[in-house]
Amino acid sequence: MPLVAGIDSSTQSCKVVVRDAETGALVRQGRAPHPEGTEVDPDAWWAALRAAVAGAGGLADVAAVAVGGQQHGMVCLDEAGQVVRPALLWNDTRSADAARELIEEAGGGEAGRRFWADATGAVPVASFTATKLRWLARHEPANADRVAAVCLPHDWLTWRLAGAPGLAALRTDRGDASGTGYWSPRTGEYRLDLLERAFGRRLRVPVVLGPAEVAGHLDPVALGGGPGGSGAGDRVLLGPGTGDNAAAALGAGAGPGDVVVSIGTSGTVFAVADSPAADPTGAVAGFADATGRFLPLVCTLNAARVLDAAATLLGVDLTRLSELALAAPPGADGLVMVPYLEGERTPDRPTATGALHGLTLGTSTPAHLARAAVEGMLCALADGLDALTAQGARADRIILVGGGARSAAVRRIAPQVFGRPVVVPPPGEYVADGAARQAAWVALGGAAPPTWSPGDTEEYASPGVPAIRERYALARDRVVDRVRG
Ligand SMILES: Nc1ncnc2c1ncn2[C@@H]1O[C@H](COP(=O)(O)OP(=O)(O)O)[C@@H](O)[C@H]1O
Ligand SMILES: O=C(CO)[C@@H](O)[C@H](O)COP(=O)(O)O
């Protein structure tokens, strides 16, 4: 019974699962929080990973481990492998002007967007690593001068697990490479000319591995002694890892015809596809997946935290928020929340703020506000679903995952907003599970990852309520920008 471990180093926390490689049965798990903020010292991820591994009983008995991580984050290393400055995360919007510049420099407008979509599968937005490199070059030239290599959160953590054995040992995978803005899912090759265009010079980048290739071995001393340490670490295989959405697709067992809607810190809507996407509108990012296929994806910056914010506004916990939302009628009698609390990426409104429309004496109740928060967050994702299907994705089945899917209100209101049923797998850590399934593939070999039972899914069906989205569409663009300073 070989065991494998999967690690999810996502925005808000690090989660570790240890599973049976052949059956997928959960053996043990651990978790630890990440610091707040859109700029984070990678050492904080490492500390959280160590704590989560210790909570999961260590890695001494596993055959392989793989890391799924939040996408796009810019981790800059100097020649000695030291981190140059705190990482800028996917939800840090300071590089929005850099994204606009890169599109302008490629011809601007439709031509500029098409250039990037054709070259890299996606139109630059502030989330992507290439725009963060441009920001660094412009705003922190002394730091920029020190950078020798750039990698992503999961690449860096895999490298740390290997003992940080020099920059030449950095490894990544197709899924995460496809979110950098300087790798082409269509050709499977880096576009270092585009990295140079963004940053001003070329940098060392991780080697891109195939889906089940070995990235190295766990360094026996990397996790230290004690309960988190690995006793027999020198033979523990490291998988290539991947971005958290590609890992979630693997963990949820998504296949052709499935659309996954993930409600975590980000809201994502994505499909597993056989051919690469290139959407010049920029709504759909044509990423690669973790199995050798593709992962067209729409991402919003505002998802589970909209619910957190609504609960804070109302002074209730998330369970009560859900009860309140379900106590108001569909459409909340016309109260609409536009949920751009962090600015927004899809649509591209990096400096937008949120808004409440439709306040009357009748809608000024906690239940209406709770319902408007759930519906507004889901409407933004429904727009994403439309964009995905407009690019040719099939949506035979919608699978709802992520922390926000633990909300009964989200599960029950989603079919009313999406206009179709949703399938909800048992509550779990699908990113960590996907990383574990990749680790099992690395450990067991074969042409495809092992088939693991998905557990009992629940289907939520309810007639669609088109008025919810119609009203949201009237409100969506009526927001003001953030006040600077
Ligand atoms: N019962 C619940 N109802 C609503 N939201 C929830 C519930 N449980 C967890 N969450 C939310 O899920 C989010 C974390 O989701 P997760 O997918 O782990 O995020 P990430 O992977 O981005 O770190 C938090 O914002 C948390 O408030
Ligand atoms: O930027 C994207 C996808 O393009 C985000 O989905 C990040 O990958 C962060 O994910 P979570 O922490 O929300 O899971």
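Keep in mind that glycine also has a Cβ here, set from the backbone N, Cα and C atoms.
Annotation comment: TrEMBL describes 4-251 as domain 'Carbohydrate kinase FGGY N-terminal'. The average pLDDT computed over the domain 'Carbohydrate kinase FGGY N-terminal' (4-251) stands at 95.
Long-range Cβ contacts of Asp8 (site 'Important for activity') within its own chain (separation 6+, distance under 8 Å): Cys14, Lys15, Val16, Gly68, Gly69, Asp244, Ala247, Glu429, Val431, Ala432, Ala435. Taken from TrEMBL, the feature site 'Important for activity' applies to Asp8.
In the three-state DSSP classification, Gln71 (substrate binding site) falls within coil. In sequence order, Trp90, Ser127, Leu152, Asp176, Gly179, Gly243, Asp244, Asn245 make up the list of same-chain residues 6 or more apart from Gln71 (substrate binding site) whose Cβ falls under 8 Å from its Cβ. According to TrEMBL, the substrate binding site annotation covers Gln71, His72.
DSSP classifies Asp244 (active site, proton acceptor) as helix under the three-state reduction. Per TrEMBL, the feature active site, proton acceptor maps to Asp244.
According to TrEMBL, the feature domain 'Carbohydrate kinase FGGY C-terminal' maps to 260-441.
Highlighted here are the recorded positions (Asp8, His72, Asp244) whose C-beta falls below 6 Å from ligand 2: His72, Asp244, in sequence order.
The number of other Cβ atoms within 10 Å of the Cβ belonging to Asp244 (active site, proton acceptor), over all protein chains shown, comes to 34. The Cβ of His72 (substrate binding site) has Leu89, Trp90, Ser127, Phe128, Thr129, Lys132, Leu152, Gly179, Thr180 as same-chain neighbours under 8 Å, each 6 or more residues away in sequence.
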